[in-house]
Amino acid sequence: MEFAELIKTPRADNVVLHRPFHQAVEGTLCLTGHHLIFSSRRQDNAEELWLLHSNIDSIEKRFVGSLGTIVIKCKDLRIIQLDIPGMEECLNIASSIEVLSTLDSVTLMYPFFYRPMFEVLEDGWSSFLLEQEFELLSSVTNEWRLSYVNKEFSVCPSYPPVVIVPKSIDDEALRKVALFRHGGRFPVLSYYHQKNGMAMMRSSQPLTGTNGRRCKEDEKLINSTLRSGRRGFVIDTRPLTVAQQARAKGGGFEQEVHYPQWRRIHKYIERFNILQESFIKLVEACNDQSHNMDRWLSKLEASNWLTHIKELLTAACLAAQCIDREGASVLVHGSEGTDSTLQVTSLAQIILDPRCRTIRGFEALVVREWLQAGHPFQQRCAQSAYSNSRQKWEAPVFLLFLECVWQIHRQFPCSFEFTEQFLIMLFEHAYASQFGTFLGNNENERAKLKLPQKTMSLWSWVNRPEELSRFQNPLYEANSLVIWPSVAPQSLQLWEGVFLRWNRPSKFLEEAEKERISIITYNKELQARVNTLRRQLAEMEVTVEMLQE
Amino acid sequence: VENVRLLDRFSSRRAVVGTLYLTATHVIFVENGSETRKETWVLHSQISSIEKQATTATGCPLLIRCKNFQVIHLVIPQERDCHDVYLSLIRLARPVKYEELYCFSFNPKLDKEEREQGWKLVDLSEEYNRMGVPNNYWQISDVNRDYGVCDSYPTEVYVPKSATAHIIVGSSKFRSRRRFPALSYYCKGNNASICRSSQPLSGFSARCLEDEQMLQAIRKANPGSDFIYVVDTRPKLNAMANRAAGKGYENEDNYSNIKFQFIGIENIHVMRNSLQKMLEVCELKSPSMSDFLWGLENSGWLKHIKAIMDAGIFIAKAVAEEGVSVLVHCSDGWDRTAQVCSVASLLLDPYYRTMKGFMVLIEKDWVSFGHKFNHRYGNLDGDPKEISPVIDQFLECVWQLMEQFPCAFEFNERFLIHIQHHIYSCQFGNFLCNSQKERRELKIKERTYSLWAHLWKNRADYLNPLYRSDHSQTQGTLHPQIAPCNFLYKFWSGMYNRFEKGLHPRQSVTDYLMAVKEETQQLEEELEVLQERLANLQKSQSGNNKVKSKQQDRSKQFGLYTSNNSLANTPQEYSNDLKSFPSRSPSQGDEDSALILTQDNLKSSDPDLSANSDQESGVEDLSCRSPSGGGCLPSEDSGKDSDEAVFLAG
């Protein structure tokens, strides 16, 4: 298919761009296969706006006479308005955008056409291999092994080819366990707590069904992570009633009779359309221009967004607490084990593991616990808060995770190597990107699409020194401890950086950030100078002494 | 009383046992724990209510709520003891005479001269000079010299030059409590001004020629504009109801060239109830998110804060952008008027955003114009219906502005919190009584100390590290956003949950940056010394090379010099210095000097405050504040225990 066929009017002049907190600008609008480009050539400030079609969530058009107006709402929550003279031009442009922003074939997406303008220093596709992770692990324990049982994606289609499992369990047993777990997602290692040797595993629900099926291999697998005489915790992210109902559909939960060493805790975490509805309501509230305080607060409350944040953080803290404080191993799962399960396991690691609070460590966490673990990014992030499609599989699961990280970041502003901007960048790229990293729903699909060969990895770009410097937190100093966030409502706030991002004047906050950086840079400079002088002085003193002698 | 248990709000397992002491000025709880013997000190004047609850098997619970939002939950083993404590506290918390207040016994060990210097720190006539009055349009009037016209006004009042004594007195008779229009803020740049008064006694139709002349005079004092705004900060309904009582608001027809405007801020009773409701939300044991948000909305608190801010923004805009003078009043002109005038001044004039300027602002718009501190903050036992968090709301407006303009204020959040604390503590004389007249009669300045001097002495603790006097945010008028979707009005947990350290960020960016700046300063000094020494060495070295014959003499001299110098600061000493710097390494694990440094800072900074209230939190709380999040040690403990309850409760 040629994109040119879809673009009837590739260019329009005298278009006026409106954005909140910016003056309206007049300029030229161009459409290409993947971008909407607006450029103004005003002498005082020429500027260009490049918008990926895949970033467009919805588009509205209206006419006053022959002046057409299109309102574009983006997945990163930005809203822009374009006034386009000429009814035909406007209609053409609107319909082209509509088609180009909803292409259903992945291989037509921009990452397959994008050619980087930068030199690739390190191929991000191979930056975070599970083998490296395992090497680190084997330096502290030998209770685990790498398994290639899923090499052909035949045991579990949504798992990566390599997983870490208890050493005592062989591949044959894993195959049996896979048959006992929803979608074949047998329990694998998610995190190993060096401090006390406790493990966090994740899986999907067991397929006990109504007649209480059991699987000895499954029991053996998870029991092998327990110390003798100690109990473990199963954190089920569904309420008990839902877990019980799941039995009718062949699902279920670990029953006490078969898992006497495990205590089950149900921590309800919302998923799917309830989450998506909440997201849509929150964004609606944030775009409500009314000055009425009560209305704002009641809309914020009605969106329930912060409730989800609080519940999720609480569940993650609980998992971390079981591991670090109770000295118990933990198994986390919900139904499929691809959404709330991953939220809980990855957040618990932020709390427990200082490495995950570094830039590189966080990237590794996203790769390990989200991409490789088979969170269906393409389905979940197909549409954002402005879409009318309301498909069952769309949900801001990853955004919710990022916001929880931000909440912890806010409470421990000196313990993270990255800034809020880093999290916002990940949010943007999960929804629309020139990179192939977030395409596909699991490693299986990514391999079939040959993404590593055909597209550029986000990490190849982010991990270049000039990009990294934008995301480095000037206040960071490594903190080797477990960080326990407060989950009280008073301690949680709306993530303004995402939800009010386009609605608030950013000047003053940016100035504050600059000031923070300059205070710290100046300090470091002085330190370096003082050290140099000290050295010089010491050297000279030695020379003087020698001369005196 | 011995064997008293102090309960923790979040978890009953964290209760501590100790001894309760009642002194003439404080309630003191000393923990039995042998090593720390942590102490909690509460000033009697901070106590807002005492509640004795039904006796249980473990003893008799006593709940003490404080005006600085601390809540102390005690369990006393014997019912009789509890009753005695209860009765004593009721009496002690409600003094009937000013002389019983702490400031009359508080002695910070300053001599007489230092005390007098302290009171001179904030000088209002200097402030009016700074604004640029007296001048061609404004003069100081002596009509109120002996409080003869208005007993709640100061003796020195600035009025338009064309307003004669006759006009002032005439106008005062037409205003509630004779609070005639007087100057609050003058804008040098365009002659526009903010004046304040009480409501006119207009009833349904009454007029007063002198009052009309007075407003005319205010307009004339601003030649650039042909009208003035009259802003009534009450809801229209309230103002109309007042007409029936012979009071009311200005009729545009009777006054030439005024534009009348209502900006509805609710009265003190509504505000008191609103705070009460919000505090109930804060006290909930483990609220869900919707409990909290719903309760916050239902309390209306943020709505009221926004109303005050909106009024301030309106006035600042009129003065700065339209160049129009504004007369502000409410009913008596000492609550809402004070709030609104001071918010507007703060937006307009960068000086009020400095530490000194902020003290001046409170002194000008609140203390001198007769805001009734004693009644509003219940210093002496009085009518509970008079109590209302009026200045608390102003302080919160300032905090909300600080969130929106992080670089614009010279002071930090702690400064506001400590001011709030001392408004209720009665430890300093500044906020005693209801008017300047009463304070003079009590000879406050001779008998008590000034808070401003105390805060000024410890100003290092109150600095905002992001403030720079040459920064763009520091200059000119602030233009805040008003729609909730453009700027989030937030719940101020630093104030209302001040004593629940577990709820606050565990690492403070402000403290961290302050420590960095302090280190930077020391580095700058060291750099200078090093450069000087290096220069000296180089000089003497080149001397050595050139004049070899004199080498011995010279090097002798030099030797002397260096040895002197080395006495002063050798490299070894520097490294010692350096060790004491890392005030900031947030590596929470090690016993870093950071902790100690911040701790010292705070101790020196506000011994009284920490003795009075912060003692409880002791080291733990300090480390919570310390940037090092030293943080985490306590947070590991406290975090765990307290949060555990929360996690499992869900």
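Positions of Cβ are set from backbone N, Cα and C atoms, glycine also.
Just so you know, TrEMBL annotations never went through curation; they're auto-generated.
Per TrEMBL, the feature active site, phosphocysteine intermediate maps to B:CYS330. For B:ASN267, B:ILE268, B:CYS330, B:SER331, B:ASP332, B:GLY333, B:TRP334, B:ASP335, B:ARG336, the entry in TrEMBL reads substrate binding site. Look at TrEMBL and you will find B:513-540 tagged as coiled coil. The compositional bias 'Polar residues' feature in TrEMBL is assigned to B:562-588. Taken from TrEMBL, the feature domain 'Myotubularin phosphatase' applies to B:118-496. Annotation comment: TrEMBL describes B:299-343 as domain 'Tyrosine specific protein phosphatases'. Taken from TrEMBL, the feature region 'Disordered' applies to B:562-650.
Here B:CYS330 (active site, phosphocysteine intermediate) is positioned 6 angstrom away from B:ARG336 (substrate binding site), judged by their C-alpha atoms. Listed in sequence order, B:SER198, B:GLN199, B:ASP232, B:THR233, B:ARG234, B:ILE265, B:ARG336, B:THR337 are the same-chain residues six or more apart from the residue listed as 'active site, phosphocysteine intermediate' with CB atoms under 8 A from its CB. For the domain 'Tyrosine specific protein phosphatases' (B:299-343), DSSP puts the residue distribution at 31 helix, 4 strand, 10 coil.
Among the residues the record lists as binding substrate, namely B:ASN267, B:ILE268, B:CYS330, B:SER331, B:ASP332, B:GLY333, B:TRP334, B:ASP335, B:ARG336, the two farthest apart have Cα atoms separated by 12 Å. Each residue in B:SER198, B:THR233, B:ARG234, B:THR337 lies on the same chain as B:ASN267, B:ILE268, B:CYS330, B:SER331, B:ASP332, B:GLY333, B:TRP334, B:ASP335, B:ARG336 and has a C-beta within 8 Å of the C-beta centroid of that substrate site, without being one of the site residues. The DSSP secondary structure for B:ASN267 (substrate binding site) is coil.
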